[in-house]
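First up is the structure itself, then whatever we jot down about it.
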Amino acid sequence: MTGHVAVLGAGSWGSAFAKILADAGRDVTIWARRERVAEAIRTTRTNPEYLPGLRLPDRVDATSDAGEAISGAEVVVLAVPSQTLRTNLAGWTDFLAPDSTLVSLMKGIELSTTKRMSEVIVAAAGVAPDRVVVVSGPNLAPEIALEQPAATVVACTDVSRATLVQRSITTPYFRPYTNDDVIGCELGGAVKNVIALAYGMACAMGLGDNTRAMLITRGLAETARLGVALGADPLTFAGLAGMGDLVGTCSSPLSRNRTFGEHLGRGETLEQAQTATRQTAEGVKSCLAIRDLARAHAVEMPITEQVERVCHEGVDPRVAMAALMSRTTKPE
Ligand SMILES: NC(=O)C1=CN([C@@H]2O[C@H](COP(=O)(O)OP(=O)(O)OC[C@H]3O[C@@H](n4cnc5c(N)ncnc54)[C@H](O)[C@@H]3O)[C@@H](O)[C@H]2O)C=CC1
Ligand SMILES: O=C(CO)COP(=O)(O)O
């Protein structure tokens, strides 16, 4: 393999992913928005602001100059918040090598367009869809920083690019599987964040394992319903990018979406929860876009609808739960 890998975004997942790439033998240049973060990585091999437990290998270089990171990169990994991707890309596309592979780590849906992240990349960077690879699975960055065993899915319509990325991120602690269902993998990642918000609310309301199992199972059912309407393979939702990520995120106190939901479940407003957490919880904005996408395709997503009402209409989570439970009964 030739050329270094650029990782654009030095947050928690971008940084942990840079470690995986380096441990798999790739040279990596990570772009940080703030020079202070790039300098910390260069001089201390750590990123204390985002991922205190992480120790970065020497193969990882860091810069706050995106052109420097991207120029000459064979693979460019995008790891910024979903809602800023389009703006970020506007400043980056001129530096992309003509046949480079673009990798999306992001788990969200764009608010203004209801596009998945790979669709935003295709539109904003003007690249063919088969140049975009999606990596998605149960991958909480703090656990990966500690080299705890984990698996993921590498999805692309071009199997040779999926294999290139798979080889670039295979390590003794990280096991990637390829898949050609880009739509299913991206939807699994985006919708699980919304369900994790509901799960966090339930936890904070003192609700037990029956309720939690109901949210996970029915959450997966509504994810798959939307996925199938958009052309995904239903089997993808039984895999790592579907059930795997949903269970991992909902179960983990490390999840920022679940934690955000816990704040809402304790009766805090959206603004109070945002002030308390100060982290990217993608589901908070994506729930609006996913609800709109579902309505546009006449798909019922009752949990997503209620999460949107709690987040953006000030509805009490208890009222939202009661609304879920009072829906007309039907076959499973
Ligand atoms: N943290 C995790 O465990 C995982 C995260 N993801 C996904 O990866 C994506 C990135 O997440 P994280 O690295 O966790 O996020 P983060 O919040 O830790 O980092 C985001 C990075 O983007 C940068 N950025 C660039 N432009 C920005 C702007 N205009 N506004 C705000 N930040 C900007 C920030 O400076 C920061 O370095 C998200 O879509 C997330 O859902 C996926 C799997 C695991
Ligand atoms: O996507 C993740 C794990 O797979 C991270 O989840 P949070 O963004 O909720 O922390």
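Positions of Cβ are set from backbone N, Cα and C atoms, glycine also.
Where the annotation comes from TrEMBL, it is an automatic prediction and has not been curated.
What TrEMBL says about this protein:
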type: DOMAIN; residues: 5-160; note: domain 'Glycerol-3-phosphate dehydrogenase NAD-dependent N-terminal'
type: BINDING; residues: S12, W13, R33, R34, Y50, K107, A141, R256, E282; note: NADPH binding site
type: BINDING; residues: K107, G137, K192, D245, S255, R256, N257; note: sn-glycerol 3-phosphate binding site
type: DOMAIN; residues: 181-321; note: domain 'Glycerol-3-phosphate dehydrogenase NAD-dependent C-terminal'
type: ACT_SITE; residues: K192; note: active site, proton acceptor
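Annotated features, which come from TrEMBL, shown on the structure.
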| residue | record | DSSP class |
| --- | --- | --- |
| S12 | NADPH binding site | helix |
| R33 | NADPH binding site | coil |
| Y50 | NADPH binding site | coil |
| K107 | sn-glycerol 3-phosphate binding site | coil |
| G137 | sn-glycerol 3-phosphate binding site | coil |
| S255 | sn-glycerol 3-phosphate binding site | coil |
| E282 | NADPH binding site | coil |
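For N257 (sn-glycerol 3-phosphate binding site), the nearest neighbour among the listed binding-site residues (S12, R33, Y50, A141, E282), judged by C-alpha distance, is E282. E282 (NADPH binding site) sits 10 Å from K192 (sn-glycerol 3-phosphate binding site), counting Cα to Cα. R256 (sn-glycerol 3-phosphate binding site) and A141 (NADPH binding site) have their C-alpha atoms 11 Å apart, to the nearest angstrom. Filtering A141, S255, N257 by Cβ distance to ligand 2 (under 6 A) retains the following binding-site residues: S255, N257. With a CB cut-off of under 6 A applied against ligand 1, the binding-site residues S12, R33, Y50, K107, S255, E282 are reduced to S12, R33, Y50, K107, E282.
Put simply, Y50 (NADPH binding site) is 14 Å from S255 (sn-glycerol 3-phosphate binding site) when counted between their Cα atoms.
Note on N257 (sn-glycerol 3-phosphate binding site): other Cβ atoms within 10 Å of its Cβ, all shown chains, come to 29.
Most Cβ neighbours within 10 Å, among the binding-site residues R33, K107, K192, R256: K192 holds that distinction in the structure as shown.
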